[in-house]
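For 3-282, the entry in Swiss-Prot reads domain 'DegV', with the evidence type sequence analysis. Under the heading fatty acid binding site, Swiss-Prot lists T60, S92, citing similarity to another entry as support. The hexadecanoate binding site annotation in Swiss-Prot covers T60, S92 and rests on similarity to another entry.
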Amino acid sequence: MTVHLIADSATDLPRSYFEEKGIGFIPLRVSLGDKEFEDAVTIHADQIFEAMQNGETPKTSQASPQTIKNVFLQYAETGDPALYIAFSSGLSGTYQTAVMIANEVKEEFPDFDLRVIDSKCASLGYGLAVRHAADLCINGNTIQEIETSVKNFCSQLEHIFTVDDLTYLARGGRISKTSAFVGGLLNIKPLLQMEDGKLVPLEKIRGQKKLFKRIIELMKERGDDWSNQTVGISYAANKEKATDMKHLIEEAFKPKEIIMHPISSAIGSHAGPGTLAIFFLRK
């Protein structure tokens, strides 16, 4: 029996991947001024970054409940099981809404095996979890096997973020404006990580060379079994820096694969252009 996968735009995977693998797509929402857009459908990250550089502050919101319901109903009618791997509940209300809507849909289709997972992951870390699930689907695993494996995979995923300009986090209320101002003067680059699905500060590094060196150190401390690992790199209007980071990772660890994708407008709305994020499995 076919197991259908569903994910949302916060995976930072290209739409072409969703189409190629037949994965249901749920877009988060982004607002600029009084206009609302669907992430990766009616707006893209480069448009968001241009607006941010012009002083605008985009806002994000969870996926539309009706959109979620429409996607769930689409799979309910097939009679096959479906698994929605959701963006971290610590960063969006989409998971909670999806659980509520899944219960409504299952009342209408009581035999429909629909499951919703809180990935507690973000950006391409979340994307790596979806890729892992897609591989399991191709291998013919049951929905129970896929759900168990994905939960375990997500619990082992490291997310290390850094932003180029603290101003954007300050605009969104993530840090104080004073911290952003002082950080900019001193060329301070913050490192952040995910803890229980939330983005939290890790360290502050002065200068890009030291920053990259520290990221490699953290990967050495936390990662393992690199020859069997796919490492993810997300970037925001800074592909050159992401490529430099990729070369350092290749030289230090020689992982099985490194994938790079631009950050989506939903994630980028908070972190801003210049964001760089690394994802890998911990020991």
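Backbone N, Cα and C atoms are what each Cβ position is placed from, and that goes for glycine too.
The average pLDDT computed over the domain 'DegV' (3-282) stands at 91. Annotation note: T60 (fatty acid binding site) sits in a strand segment as assigned by DSSP. Around the Cβ of S92 (fatty acid binding site), a 10 Å sphere holds 21 further Cβ atoms from the protein chains shown.
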